[in-house]
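Q: Quick one: the structure is below, questions incoming.
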Amino acid sequence: MLGNWLRKQRERNIHLRGQHHRRLSLLVCAVAQETAPAAEAPLISVARLEQCRSVNQVNAFYLQVIVQRLSHLATHVIRTYISCAAPARAQLVLERLSPAPEDVYWWNQLIRESASNESFNDVLRQFRKLLRLGWKPDHYTFPFVLKACGELRTLRGGAAVHAVAGLIGLECNVFVCNAVVAMYGRCGAVEDARKMFDEMRDRGVCDVISWNSIVAGYVQSGDVKRGLRMFDKMVESGCGFRPDAVSLVNVLPACGAAGELTRGRKVHGYAVKSCLCEDVFVGNALVDMYAKCEKMDEAMRVFEGMETRDVVSWNAMVTGFAQIGRYEDALDLFERMRESEIELNVVTWSAVIAGYAQRGLGHESLDVFREMMVSGSKPNIVTVSSLLSGCASAGALLNGKETHCYAIKCILNHEDSTAGDDLMVYNSLIDMYGKCQCVGVARMMFAAIPQGDRNVVTWTVMIGAYAQHGEANEALSLFAQMFKQEYFIPPNLFTISCALMACARLAALRVGKQIHAYVLRSSREPCMLFVSNCLIDMYSKAGDVEAAAAVFEHMRQRNAASWTSLMTGYGIHGRGEETLRVFHEMRRAGWVADGVTFVVLLYACSHSGMADEGVQLFRKMKREFGVVPGVEHYVCMVDLLGRNGRLNEAVKVIKDMPMEATPIIWYAMLSACRLQANVELGEYAAKHLMELESGNDGWLTLLSNIYANARRWKDVARVRSLMKHSGIKKKPGCSWVQGKKGTASFFVGDRSHPMSSQIYNLLSDLVQRIKQLGYVPETAFALHDVDDEEKNDLLFEHSEKLALAYGILTTPAGMPIRITKNIRVCGDCHTAMTYISRIIDHDIILRDSSRFHHFKNGSCSCRCHW
């Protein structure tokens, strides 16, 4: 029975197969009739196939090949499908063939076609299919597959393909090995690339492409110095390898990135001798190299000498001019591009926007963006990030919010964007909101980014936002959190600079020292120039100018900001002689003084009682140094003369100014009148401040103090009444002091501190002891309408006194007590601390809003010039 059943099944299959062939033949004839004359039967030949002009015609021909079992025509069908841009159908035909070495060519053709269309995932799919069907790839297959792995940055896939090549026996094939080196370089595995390259050299299969691949790998990974060394080895190897155009295109960007101008010029010379400058890619690389080295005149000569230019050539020039601040030249080239009808792509527009933004010209970047939108060019990630940077520099919050909306609609979480692209925009948004003083919004955006997705830029822009807008405690708290998070990301030098800025604002010397130690431990040697400058600023503002000087002395490289920072440090500590010494050293070192330098010098002279030296410097400014005095210099001169009792000369300076006196000029004059107890000139200055409607309410407090000094209590009451009815409130004083458990803060009248009772008991004892030394409280004369008990409370409750008492209680004997106050120290506290320094075993270092005061053994470093 089983035999009968099998026979019936066989007969049934034969019958069905016959029906299938009949239907297929009918279908073939029906399709073929579309292209063949009615009277002719379709012909099966290569000539007939070559006449096919559409995919349908090739389909019809292939059906006839199947029906008539003409398998020898299958490869011709594949070729025709490829020529008709139907690679998927060509692959289906190829998959029906039995594996044969000569037919691997067609797999290579399909893989090459996908690679040329940048369909790199298709390349890998085709390669996997080839292997599964039992085909054996050859040395023409692997270069395209390895290129796809490199473009997709799939190191694991690339290593697997490398292993397959080794199993097949292609480990000595120069084409395959070069592709392996390039793949590892593109995937960032430069050491693996170097190992493959060294093996090639040992086997003697190295060529110029091998050298180009390893140089490109180093440059693309950011290790430009090793890339340049490999290029030098290539030239000096003695193996007869002469750099070609690709070699130069690889090495010139490295010269630009490393600032190797001399080496770049040598490469340029070689390009001229070898006639490689005619290559547009070499010309573009030369322009880019000179632009990155800020030698735009040389870049322009190369650009003008190029026979052929493309949009990359123009973009390199526009970007270069914009980045070094030659905006007129950048815009001229921009206009020439328009006149030459060169297509302005998104790179062109982004380059101009970024150039303006990087130089702080936010409004100009916004104008260019508007032109870009009118032109119909679509912004990309770089454009939006650059525009947000422009909004940040201009403080254009409304435009920043508009850009944020555009980013939400067209950029963020878009199907074409990646997580890295989105994070770049989020970082720019945090930076923009922070610089536009919307720190709360910036923090919300920061918190919305998952902790594991944040990168070092995310942390840096948020810490910088806090540090720049007075929330230094939050900045340092966030910096500390950066080290405690689960996904630890080491801070970079920009993060460290922001943290040091916060330390400078708080005079947080202990934290600043810890950050300095971290920099040294992390082997960031030498420190980048701006970090060293931040260290000088931090140590100066934290009260340790000697440490600032030590940092300066150990710097291998200095710029104008380095010299200015050290002079500023000496100046705010009232050490005018050292300031002038550093100035003379600066001149001997070849640096040119500018307007900022003279502001620092005049400030230092003012706070050191060096009036004659300051006057001489002011007179030499324009005559010897070519610096035209500005308002800030006249403010310093009024302050300098006023502090030294030369009020009539200060008035003459104001009258002789070539510009109208601003409120800050008259404020400086009023402050000098308070110091010199000159009521008449004080009223004169106050009158001008009232006429100018100064937004600074401090002048009313100064005027009140002038009247109080002169015992003119009715005038004091009148000024206080004016302040009261005007809604003006005196800024509350606050002081910070470093203790064993960190920094403690104190406001006037603060009794909430856990150690309040101990602090007030100690203050009472100190006041009684220094009264025996001759201390007479100065607070009482300014409190004419306050009862004696309240006078006594206010005498004790000044915030700097509270901070001092806390410091004495918590600081080990012999250690300095460091106090920071948000406003000027009052006269009574200054006098009291001078006396207290005689009876305690501590130096007192007080930083107020104007300068430092070092109290020691009954004297202050300010010598009453405060």
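Counting begins at 1 with the first residue displayed.
Cβ coordinates come from backbone N, Cα and C, glycine included.
Below, the features straight out of TrEMBL:
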| type | residues | note |
| --- | --- | --- |
| REPEAT | 173-203 | repeat 'PPR' |
| REPEAT | 207-241 | repeat 'PPR' |
| REPEAT | 279-309 | repeat 'PPR' |
| REPEAT | 310-344 | repeat 'PPR' |
| REPEAT | 345-379 | repeat 'PPR' |
| REPEAT | 455-489 | repeat 'PPR' |
| REPEAT | 559-593 | repeat 'PPR' |
| REPEAT | 594-624 | repeat 'PPR' |
| DOMAIN | 774-866 | domain 'DYW' |
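Context for these features, please: burial, neighbours, distances.
A: Long-range contacts of the repeat 'PPR' (173-203) within the same chain: residues 139-140, 142-143, 146-147, 149-151, 153-155, 158-159, 161-162, 165, 209-210, 213-214, 216-218, 220-221, 223, each at least 6 residues beyond the stretch ends and with a Cβ under 8 Å from a Cβ of the stretch.
Counting only same-chain residues 6+ beyond the ends of the repeat 'PPR' (207-241), those with a CB under 8 A from a CB of the stretch are 174, 177-178, 181-182, 184-186, 188, 190, 193-194, 197, 200-201, 247, 250-251, 253-255, 257-258, 260, 263.
With a threshold of 8 Å between CB atoms, the same-chain residues lying at least 6 positions outside the repeat 'PPR' (279-309) that come near it are 245, 248-249, 252-253, 255-257, 259, 261, 264, 267-268, 271, 316-317, 319-321, 323-324, 326, 329.
Each residue in the repeat 'PPR' (310-344) has a pLDDT score, and their mean in this model is 84.
Note on the repeat 'PPR' (455-489): residues 423, 426-427, 430-431, 433-435, 437, 439, 442-443, 446, 449, 495, 498-499, 501-503, 505-506, 508, 511 of its chain, located 6 or more positions outside it, place their CB under 8 angstroms from a CB of the stretch.
Within the same chain, residues 529-530, 532-533, 536-537, 539-541, 545, 548-549, 552, 600-601, 603-605, 607-610, 613, 625, 627, 851-852, 854, 861-863, 865 sit at least 6 positions outside the repeat 'PPR' (559-593) and bring their C-beta atoms closer than 8 Å to a C-beta of that stretch.
Note: the repeat 'PPR' (594-624) comprises 26 helix, 0 strand, 5 coil (DSSP; helix = H, G, I, strand = E, B).
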Q: In the repeat 'PPR' (173-203), how many residues does DSSP assign to helix, to strand and to coil?
A: 27 helix, 0 strand, 4 coil
Q: Under 8 Å between C-beta atoms and at least six residues away from its ends: which parts of the chain pack against the repeat 'PPR' (345-379)?
A: 311-312, 314-315, 318-319, 321-323, 325, 327, 330-331, 334, 337, 386-387, 389-396, 399, 406, 410-411
Q: Per DSSP, what is the residue count of the repeat 'PPR' (279-309) in each of helix, strand and coil?
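A: Result for the repeat 'PPR' (279-309), in helix, strand, coil order: 23 helix, 0 strand, 8 coil.
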